[in-house]
Each structure stands twice: as C-alpha cells, then as structure tokens.
Amino acid sequence: MFPLRALWLVWALLGVAGSCPEPCACVDKYAHQFADCAYKELREVPEGLPANVTTLSLSANKITVLRRGAFADVTQVTSLWLAHNEVRTVEPGALAVLSQLKNLDLSHNFISSFPWSDLRNLSALQLLKMNHNRLGSLPRDALGALPDLRSLRINNNRLRTLAPGTFDALSALSHLQLYHNPFHCGCGLVWLQAWAASTRVSLPEPDSIACASPPALQGVPVYRLPALPCAPPSVHLSAEPPLEAPGTPLRAGLAFVLHCIADGHPTPRLQWQLQIPGGTVVLEPPVLSGEDDGVGAEEGEGEGDGDLLTQTQAQTPTPAPAWPAPPATPRFLALANGSLLVPLLSAKEAGVYTCRAHNELGANSTSIRVAVAATGPPKHAPGAGGEPDGQAPTSERKSTAKGRGNSVLPSKPEGKIKGQGLAKVSILGETETEPEEDTSEGEEAEDQILADPAEEQRCGNGDPSRYVSNHAFNQSAELKPHVFELGVIALDVAEREARVQLTPLAARWGPGPGGAGGAPRPGRRPLRLLYLCPAGGGAAVQWSRVEEGVNAYWFRGLRPGTNYSVCLALAGEACHVQVVFSTKKELPSLLVIVAVSVFLLVLATVPLLGAACCHLLAKHPGKPYRLILRPQAPDPMEKRIAADFDPRASYLESEKSYPAGGEAGGEEPEDVQGEGLDEDAEQGDPSGDLQREESLAACSLVESQSKANQEEFEAGSEYSDRLPLGAEAVNIAQEINGNYRQTAG
C-alpha cells in the first residue's frame, strides 16, 4: 500500500510540474524549462505555469498591470521578458519574489512609476531594460543593491535629472544607455559631465545625451556643457516689527511679519517650519507664474465691466447674489515673496520660526524665537466671533470679491428712512434707487451713520503725513502696493478711473479714543470708509463703504490729468492713510489715428520713391563719345623728306647722272662704280655711312607716322586724355632734320 501511495504522489508532483497553460508553450531543454507566452494577446500574467520554469517570455501581449503575487508560483525564473506590452502599473512586491532573476526586460511599455524598492531583492540581476517608457525620475539609491548589474538601459524616457552618485554602487556596470531623455542641464547635472568623462562604462550615442532645457542650452550634449555659476543657498531672516533683542516679547494683538531672503543658484525654494505650543507646522510658499497673473487681470477686467453695467442700466436692476460668508483669517500665511504673515499674535503663536532654503546643491536654514507678552490688551478691537474685524488676505478673498458691484456701495442718503429702500451713489448728486431688501440688525446699525459722509469728511484734515505715488507708478498698469504704517493701499490708475486695493494689514481698525464715533456698541463693527477727494483738499468727490470680503474698489468718471487723493478712515475720524495720485493724461483718439495713418503712409511711400529713383537712374542713357575728324595741313618738311627718300626719284637721278652703256664702252662704268662703292666701303667713307644712317632715320620716321595715323581717331576724340602722337612725330622729325642738315654742311 505504501509503494502505491508513494507512486501516486510522485505522479501528482510530476503532473503539476509539467502542466502548462493552454496559450503558452512549455519546453524542457538543456535542463531549463522555457515557457513561451509571447504574441498570445494576453491581458494578465497566466496562472498555472510550471514551478520549475526558468525563462518566461510574455513579450508582445496586452498586459497592463503586474499585480502583486503574479509570479509567486515561478520563483525560479532567471529571465523575464515583458517587452512591447501595455504595462502602466507595477504593484509594489510584484517582482520582489524573483530573487534569482538575472535578466529583466520591461522596455517599450507605459511605466511612469516603478517600485524601485523591489530591486533590493534582485541582487543577482545582470541586465535591466527599462528603455522606451515614461519614467520621470530615478532615485539615487534605486540601483544600490545591484552589484552584478552589467547592462542598464534607461534611454527614451522622461528623465530630467539624475542625483549625484546614482551609478556609484554599480561596480560591474559596463554598458549604460542614457540618450534621448529631456535632461534639464542645471547645477544638479554638472556631476554627470565629469562622471561621463572619467568612467570606463560604455555610453552609446553621447551626442544624444543632450539638454532639453534651459532654452539657452537646448540641444547641447552633456559632455560639452559650459561652466555654470552654481552656489548653495544662503538665508537671511528679519522681522517686522523688528526685535530689539533675541527673545524680546511682543505685544499680543499685533500683526507680525517675517521676511526670509535666500540667495543661491539655482534659485532656492523656501519652506517654513514653525514649532509652536500646538505642534509643528510646515508651510510652503506659493509659486507665482505669468499665467496666474494673466487670469487675475482678466478677472479684474470682468469686475470693472460688471460695475459699469450696473451703473448704466438702473432701470432693470438685477437681484444681488447671495455671497458666502468670508472665511476666517488664517493664523499663518506664507507669501510668494518669501515672507510669513501672522495676522494676530497671541500666546498660541509663540515659538521657534525656521526658514529653510534648498536647491540642487544643498540646503540651509535660519531660525528666530518669537515670544509674546502675556499681559496687555490687544491693540486692535476684535470683531464678532473672536476673529479680528477686517478682510482676509487678497489670495483668500479673490474668489469672494469677484463680480461684486463694489465701485460704490449702498448707503442711506439724507432724507431716506428705514423702509423706503436704499440708494446707490456713484457720483455725489446722482442716485439710483434699488428695491427694498430685508436687512439684519447689524446692517441697520451700520447704516445709521452720517447722512452724507462727503459733507462731513474732508480729505487732508487728518494726519498731515501723505504718501505720494510717483510718476513711474502712474504710467504702469500693474498693481504696486505701497506699504504704510497702518495698512497697505495699492493703486491702479488710468485716464478716467482708479482702482484701490486693500490688503490685510489695514483690516483691523476701530474707533480711536477721541474719535467721533466713540466706543463701539457690543455686536457692532466699526464702519470704514474710502474717500476720493481733489488733491488740494475739500469735500469728497466719491466715497465708498469698506465691506467685509471686498478688497477692490473702482472710482470712475475721473478727469484725465487731474490730481486726486484717496483717504482710508473710520467713520467720524480723521484720515488714517492718504495717497495722492494723478490720473493719466488722455490722448485724443483722432490725433492717434492721424499720427498712425501718417506713419503708415510714410512707411509705404518711402520704399516706392526709392524704387522709382533707382528705375529712372537705370533707364537714363550715358553721354556717348563723339569722334571728331579734323583735317591737318601737310607739313612741307615731311613732304621734302618724303621726296628726298623717294626711290623713284633716286632712280631717275641715277639715270640722269650716268651715261648710257654704249657710250662708255659697255658695262665698264657700272663695274667701276661698283668697285668704287666697294672701295669706299672698305676705306670707311664717312659720307656713305651718313647716307645709310639718313635712310634708316627716314624709314623709322615713316613707320612712326603710320602708327600715328592709326591712332588719329583716338587722339582726336573730344574726351581723350592722350597727347596727339602727330605732334610728337613732328618734333622728332624737326630734330632729325636739323641734325641731318648740320652733318651735311
């Protein structure tokens, strides 16, 4: 019985070991079990694979997820091929069970996040192919547990940077593919340039290991990077109000601001760490971008258009929207410029405030201890609900204030009583009635103020100090805040309108001890007003009530090129903050149109005139040369020389000088003459030599005359700058003739 059971057990084990899923092909070859499941349209890792399989091919399928436990039954796999799939997710622990894995191919997939911690169990890995994926980062210690890795392929991914020392632990690495990654060539990648120059690892296509950013270095190979001005961060921390000494207690109720300035290249990122009695608070300042500014500008324009529509269409008023209650003022606010705002100091905000700056080259930090005095009343009266009365920061109120008709806010004018509706005053003297609305007791208490604040309040009668906006600010369309002792007012000035922006530092004002308003009643908030007056003082031209949740106010209908002042004050009190500004001068539209038209006309006419002038110059013919033929009287000297050397005349004279041959006895005279000539030649008769020289001179003279005749037309031209050769020939002839005569005499 026992042998039968043992036999059955062996058969079962062999059957399980030899089973193979239906779409796959399993082959036992050279003591290795191959499972070929490629090109089978699989969407999951198949189950039921042989437990002793060593090579598993799942390439060219449609697998999207590698789930944890998918390879739990094939732990002896040494080669896993998963290329050309649709893998997007690799669950942590899916590959950690393959401790004997030597070759892993995950190329040509859609992996953007990989569980690098699984590689810690794959210490025998020799080949890792992760190319043609969507990897955006490679942790510094991701490959630290792969001492036998020889070939690493991470090309054609989305890697922007690599941490220094990423490849230091790969002692057996001989082949590395890094090309076609969008590297950001900043200070964090300088190490790669030095490492590539000194390593013995093969780096194929070094020219393709190039920068994608910044734009100035786009396309530059990493090994050709220029020297970059890199510096670690340095941090400077200051407080406002300033601390007289470290640990000096501050009075409760104050607004406290810490300014953190960090220098370094690249620009450091800031982080606030607050150790307060309630625990540790970590704050990250927001990052500003040009797109956000553009959206904000568009929203501002929409607000102005809505105000204009409300003022012009008073006959068909729209119902007021139900705005949500403004959020509570936050305890801490990290600003984009590196500052930290504590709107209301109390014992809960005491502690250690640390500003930490870090960039690619390191980190630095500095701290300051803030102590709050336990005694003393708060400087500003808190509002209802335990929160300070005022607006939240601009970033917190932006969504609440958007679209409100806050150019001028509703108020009860003189002669109006409860139950007769409200009036909206845009410019003093012009009112628009609105339907009667139900108001709460708090709003009724706020409306029971001066009948017309403009008649009682005059700008310039309060604090004598003024804060004048400069000309450069008025010429700009940007909001540039001016920080004062009691608050912040930001102005955006145009030709016929001005925008006033209030920020949180001017949010908690209450009536002063000597103010007209006296002490506020319980449950009533102090009323704050904005006045727009002429710069020289006098009654307000426009005014508006400062509402909670509204931080932008538009004053319209102003005169171009006029000086105005904006006064921020509490009802019945003197002006706390006053800003003097000038509206822009309005340029007539007709003048602009004429100037632009003239400029365009000149711009279009000048090239045409230049082309016409060039055409006329090209078509104008040049002045032609004229040939002038002038007859010349024959020179008697030339005639005589020609006659003297005429061979016909010499022949006739010889006929006359010598008698006929019959008379002289035949041919003897000629022989005698020839003999005489020979004798003269032998004796060197000077007269014969002179005659030969004279004949040669005459021949040369005739040749010079023939050459002069050939150039007669050129010499006689009106525009010729050459001397007539005829005159030179005459002079030479006279000289030769004179010499000849002297010799003959």
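Note that Cβ sites are derived from N, Cα and C of the backbone, with glycine treated the same way.
Note that the structure is predicted; figures quoted are calculated from it, not measured.
Among the features that Swiss-Prot reports, domain 'LRRNT' is placed at 19-51. Distant neighbours of the domain 'LRRNT' (19-51): 57-67, 70-71, 73-74, 76, 81; these residues of the same chain sit at least 6 beyond its ends, with a Cβ under 8 Å from one of its Cβ atoms.
Here the topological domain 'Extracellular' (19-589) returns a mean pLDDT of 73 for the predicted model. According to Swiss-Prot, the feature topological domain 'Extracellular' maps to 19-589, an assignment based on sequence analysis.
The repeat 'LRR 3' annotation in Swiss-Prot covers 100-123.
For the repeat 'LRR 4' (124-145), the DSSP counts in helix, strand and coil order read 0 helix, 3 strand, 19 coil. Sequence annotations record features per position, and here Swiss-Prot assigns repeat 'LRR 4' to 124-145.
If you look up Swiss-Prot, you'll see 181-232 marked as domain 'LRRCT'.
What Swiss-Prot records for 233-371 is domain 'Ig-like'.
Per Swiss-Prot, topological domain 'Cytoplasmic' is recorded for 611-745.
Annotation comment: Swiss-Prot describes Y719 as phosphotyrosine.
Residue counts for the domain 'LRRNT' (19-51) under DSSP (helix as H, G, I; strand as E, B; rest coil) come to 0 helix, 10 strand, 23 coil. For the repeat 'LRR 3' (100-123), the list of distant contacts is 59, 75-94, 129-136, 138-139, 142-143, 145-148, 153, 158: same-chain residues at least six beyond its ends, Cβ to Cβ under 8 Å.
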